[in-house]
Number of protein chains: 2
Amino acid sequence: MTSTFLLNNAKYAANFDQGALALPPSKGAIVLCCMDARVDPLGIFGLDIGEAHVIRNAGGRAIDAIRSIVISQGFGTSEIAVVHHTDCGGFTFTSDEISHKIKHGAHDEPAVVHAVDSIGDWGTQKGVSLENSVAVDVELLRNHPLVLKNTKVTGWVYDVRTGRVAQTVRDDGYSHLNEDAHL
Amino acid sequence: MTSTFLLNNAKYAANFDQGALALPPSKGAIVLCCMDARVDPLGIFGLDIGEAHVIRNAGGRAIDAIRSIVISQGFGTSEIAVVHHTDCGGFTFTSDEISHKIKHGAHDEPAVVHAVDSIGDWGTQKGVSLENSVAVDVELLRNHPLVLKNTKVTGWVYDVRTGRVAQTVRDDGYSHLNEDAHL
């Protein structure tokens, strides 16, 4: 893809007009979402380049985003939107299943076994509801000793078929999960 | 920002026409880049929604992207573009500096000290050149036991002032670093 990338970038740079943007995100926001190719983390919220830090990993999980969130907060961010999405690959297997599959595929080669064990938790969500998965990560961030106390953390579910996000955890403490618990 | 997000998303969903995209990235690519608000990881390469997994963290570092890359490769990706960028916050402090600052700011509260120590490496690059930082991550991925052997890993430096990317590590083994070493 190298030659395509270079050609496309020449066009991108020729029309580039964002060179004056400052390092700190102008809206003080972080979007934490999945690496999934179909998710446009800024577009779905109507955010522009320069307005938010975007952290993306498999599943949009909080567990390996802490390092980045702490550094982000050093540059003034104070809101985090946690976004998980429908049809997410992370919900198709368990941590044990992926560990076993990789080790087995490598005929238990010691370097592979060691690397798989050092990952430990693959952050996958098989058997968990989307709303629960979001709520777990919101709670993790709200209670994490390195996330600043006054940070607003909200939870969202994005539908890759419709382009719609639904807010499942609000900043006022409302959560779809709590509502379910009251039924 | 919740009400703005909801309002903006209603407009986004009203014009949404990407609901038929499949889960696996259609170009089999991963872009690994920084969470920096000024970087548009698809735009700079002329990629569209649906074509690439996008992994983003502080600095665009490989070290905490392995979990995501392995899961991504399970969905067929076989190329990784590692992108670091000019004016990156990660180059303004060392790991020790950030650890010390956070612990000191929390008056060495045990939960904070424990959490900082469990992060250990903040992946910051003070004193390292951009080209070196990219090359280190490309090498880490090329030699990682969990990254598939035939994966094409390339390295890029993005200039937030001009919108240009320069390729600093090619798939044929060329690297700016090696060139420097030959001078």
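Each residue, glycine too, has its Cβ placed from N, Cα and C.
Feature list (source: TrEMBL):
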- B:C34, B:D36, B:H85, B:C88: Zn(2+) binding site (BINDING)
Binding-site residues satisfying Cβ distance under 8 Å to any chain A Cβ, from B:C34, B:D36, B:H85: B:D36
For B:D36 (Zn(2+) binding site), the three-state class that DSSP assigns: coil
Same-chain residues at least 6 apart in sequence whose Cβ lies under 8 Å from B:H85 (Zn(2+) binding site): B:C33, B:C34, B:D36, B:R38, B:V39, B:G60, B:L130, B:V157, B:Y158, B:D159, B:V160
Any further residue of that chain within 8 Å (Cβ to the Cβ centroid of B:C34, B:D36, B:H85, B:C88) of the recorded Zn(2+) site: B:C33, B:M35, B:R38, B:V39, B:G59, B:G60, B:H84, B:T86, B:D87, B:G89, B:G90, B:Y158, B:V160
